[in-house]
Ligand code: NDP
């Protein structure tokens with residue numbers, strides 16, 4: 001019988017994870033079945049237990065259950081502990097092991113796929129939700145010259161900065177709010193807000209020139225064509241634009257490794273998904 005994996009979310013029908021993991025399994029000659037499961041908003045833990053009882057070996061976890069998965073895990077990786085969120089679970093006997101592969105996925109997409117070094121660069125991270133929290137430590141490990149976190153709700157950004165300040169080797173700053181970004185420019189601007197999901201743009205100062213020459217604008221959101229953030233960056237003259245499709249596939253590759261001990265080649269899977277969605281920005 002094939003080993004059983006799934007992704008839990010609500011909603012979940014849009015998830016590309018089944019396509020990605022099925023491609024990885026084929027590539028690595030692993031006999032596994034992967035499906036998307038809709039967990040009720042108030043029934044995540046029960047859904048996980050039912051899945052384990054049915055023989056499930058591991059699961060991905062997406063919105064809105066990452067924090068609940070963190071609390072459900074009986075053992076955590078260091079990066080899951082730092083992120084205080086779990087996007088990958090492995091069921092080892094009685095143990096529920098939790099990991100967070102989002103940060104590693106983003107880093108691999110930036111460093112390898114997009115050849116965008118972070119060391120010594122000025123980085124701006126927009127947003128202070130779960131996705132932002134998961135990428136702060138991996139970004140800091142790369143020793144940027146500075147990492148600035150801006151969020152609509154300023155106190156959430158300040159909280160995030162305080163959490164990581166002690167371990168930060170780079171200067172880790174919260175500017176106050178979006179208006180305070182005026183007059184500062186960055187080599188890499190990462191949109192980790194969910195604004196694009198609603199077709200909105202974070203309230204960036206319009207004429208402030210936050211994008212340094214040759215900067216990269218990165219939106220964790222992905223889809224057909226430019227997101228509002230990428231359209232804004234393009235209008236500001238930014239030539240290097242990337243959406244979060246590469247991050248999605250890379251975090252999945254990390255999860256696959258967490259489960260199976262094998263690292264799939266993400267490049268053909270990113271290319272196939274990109275072709276299916278009729279392109280979108282990259283590089
Ligand atoms: P959360 O709900 O945890 O956080 C949402 C964040 O977006 C908060 O910082 C919120 O600010 C901010 N925000 C929402 N709307 C606006 C707006 N109109 N203007 C400015 N800021 C806004 O979401 P996640 O952190 O889990 O996800 C964020 C994004 O990252 C989503 O688009 C998600 O799809 C994407 N993502 C992509 C991944 C990938 O692999 N490519 C992996 C994980 C996430 P405030 O605190 O002020 O409300």
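Numbering starts at 1 and runs along the chain as displayed.
Placement of Cβ uses the backbone N, Cα and C atoms for every residue, glycine included.
As annotated by TrEMBL, active site, proton acceptor applies to 66. The Cβ of residue 66 (active site, proton acceptor) lies under 8 Å from the Cβ of 85, 86, 87, 100, 130, each of these being in the same chain and 6 or more residues away along the sequence.
Of all Cβ atoms in the shown protein chains, 27 besides its own fall within 10 Å of the Cβ of residue 251 (shikimate binding site). Annotation comment: TrEMBL describes 15, 16, 17, 62, 87, 102, 222, 251 as shikimate binding site.
Per TrEMBL, NADP(+) binding site is recorded for 127, 128, 129, 130, 131, 220, 244. A simple way to gauge crowding: the CB of residue 244 (NADP(+) binding site) has 26 other CB atoms within 10 angstroms, across all the protein chains here.
The domain 'Shikimate dehydrogenase substrate binding N-terminal' annotation in TrEMBL covers 7-88.
Positions annotated as domain 'Quinate/shikimate 5-dehydrogenase/glutamyl-tRNA reductase' by TrEMBL: 118-196. In the predicted model, the domain 'Quinate/shikimate 5-dehydrogenase/glutamyl-tRNA reductase' (118-196) has a mean pLDDT of 91.
What TrEMBL records for 244-274 is domain 'SDH C-terminal'. Counting only same-chain residues 6+ beyond the ends of the domain 'SDH C-terminal' (244-274), those with a CB under 8 A from a CB of the stretch are 5, 16-17, 19-21, 23-24, 27-28, 30, 32, 57-58, 60, 87-88, 90, 99, 101-102, 104-106, 108-109, 113-114, 218-222, 280, 282.
Of all the binding-site residues given, namely 127, 129, 131, none has its Cα within 10 Å of the Cα of residue 222 (shikimate binding site). In terms of DSSP secondary structure, the domain 'SDH C-terminal' (244-274) contains 24 helix, 0 strand, 7 coil. Other C-beta atoms found within 10 angstroms of the C-beta of residue 131 (NADP(+) binding site) number 26, with every protein chain shown included.
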